[in-house]
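Listed in TrEMBL for this protein:
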BINDING   151, 154, 204, 207  Zn(2+) 1 binding site
BINDING   168, 171, 190, 193  Zn(2+) 2 binding site
COMPBIAS  35-48  compositional bias 'Basic and acidic residues'
DOMAIN    5-70  domain 'J'
DOMAIN    138-216  domain 'CR-type'
REGION    28-48  region 'Disordered'
REPEAT    151-158  repeat 'CXXCXGXG motif'
REPEAT    168-175  repeat 'CXXCXGXG motif'
REPEAT    190-197  repeat 'CXXCXGXG motif'
REPEAT    204-211  repeat 'CXXCXGXG motif'
ZN_FING   138-216  zinc finger
Ligand SMILES: [Zn+2]
Ligand SMILES: [Zn+2]
């Protein structure tokens, strides 16, 4: 059976606002909820269908994909968004809807989990610039940033030492308030204590009862070998402190690798251009080149090496950040036509021109053969 259009499922227009989507979904979810329609397969299907539609349309990124590509955006294999949307409870945050309408739907664990989610500290971003050599070696570095930390005086609970938080007078300590609306009882997070169930009557003077303080923090971070420009490193729990027992946020290191004077990088491979004279290219030579580890490597340039020829040095590139081993170093030789010749050099080259022949310049010979037959036609 063809899948119904998500907007049709919710009975809204394409231009519906997030509030309209939410309200349309609520109506359907309440009407078809399995608790209200035990054993009714059709209702169960409708309930799931509405859940799936809302899951997509309530997420701005998924909605955009759906608007552009329809259901195809979420079908397996295509690789958009890294795979399909499965079942009715995928991405969206349904908990607020269900908490509002069904009280402890999903069990007590859900509301506790959500409380902590809301009190989670913010994630932080730290931009760190390093050289290509540092990216090659990996490094440890101290970074300093301003963040919020748990207040030491009150251990994060926000009360003056020796006091404990009082029970919230509005909700009586359970973090929720109920009111009757139509035929349901609506349960909401307590507006007074934001769900913590506690009220602070003797606030900690150090943090004004917040439990957190602005702080300058210094931590040592390890930059792994092989990081590339744009690599993002997540340091779990190193972001801002949470409030009221919430988890800390994460710290994201954004790595910028400066461009290098000699080496160009493409993933794990490095590229290097080496200028040589036409005499060295024609007669052959051995060159010594720098490598990213600070060392040197020798390359034998055979006689008759043409301009732009690349030589590969296996394992002399950047380390693989995940896994072992290194990429390769490609050395491209560029021949330089000599300028500002002195008298002797000119004479020698003149002499050389006289004795040049077809064997020493095979490309030139080929070109003139083609040009001759072109002029004949
Ligand atoms: Zn405090
Ligand atoms: Zn309360």
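Glycine is no exception: its Cβ is also placed from the backbone N, Cα and C atoms.
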Long-range Cβ environment of residue 171 (Zn(2+) 2 binding site), under 8 Å and at least 6 residues apart: 177, 190, 192, 193, 197
Separation of alpha carbons, residue 168 (Zn(2+) 2 binding site) and residue 154 (Zn(2+) 1 binding site) (Å): 19
Shortest C-alpha distance to residue 168 (Zn(2+) 2 binding site) - which of the binding-site residues 151, 204, 207: 204
Top Cβ-contact partner of the repeat 'CXXCXGXG motif' (151-158) among 168-175, 190-197, 204-211 (pairs under 8 Å): 204-211
CB contacts for residue 190 (Zn(2+) 2 binding site) [other CB atoms within 10 A, all chains]: 19
Annotated binding-site residues 168, 171, 190, 193, 204, 207, filtered by Cβ under 6 Å to ligand 2: 168, 171, 190, 193
Contacting binding-site residues, sequence order - 154, 168, 171, 190, 193, 207 vs ligand 1, Cβ under 6 Å: 154, 207
Non-site residues, in chain order, whose CB comes within 8 A of the mean position of the CB atoms of 168, 171, 190, 193 at Zn(2+) 2: 169, 170, 172, 173, 174, 175, 176, 177, 191, 192, 194, 195, 196, 197, 198, 199
Residues within 8 Å of the 151, 154, 204, 207 Cβ centre (excluding the Zn(2+) 1 site residues themselves): 152, 153, 155, 156, 157, 158, 159, 203, 205, 206, 208, 209, 210, 211, 212, 213
Nonlocal neighbours by CB distance (under 8 Å) for residue 204 (Zn(2+) 1 binding site), same chain, sequence gap 6 or more: 151, 153, 154, 157, 158, 159, 160, 161, 211
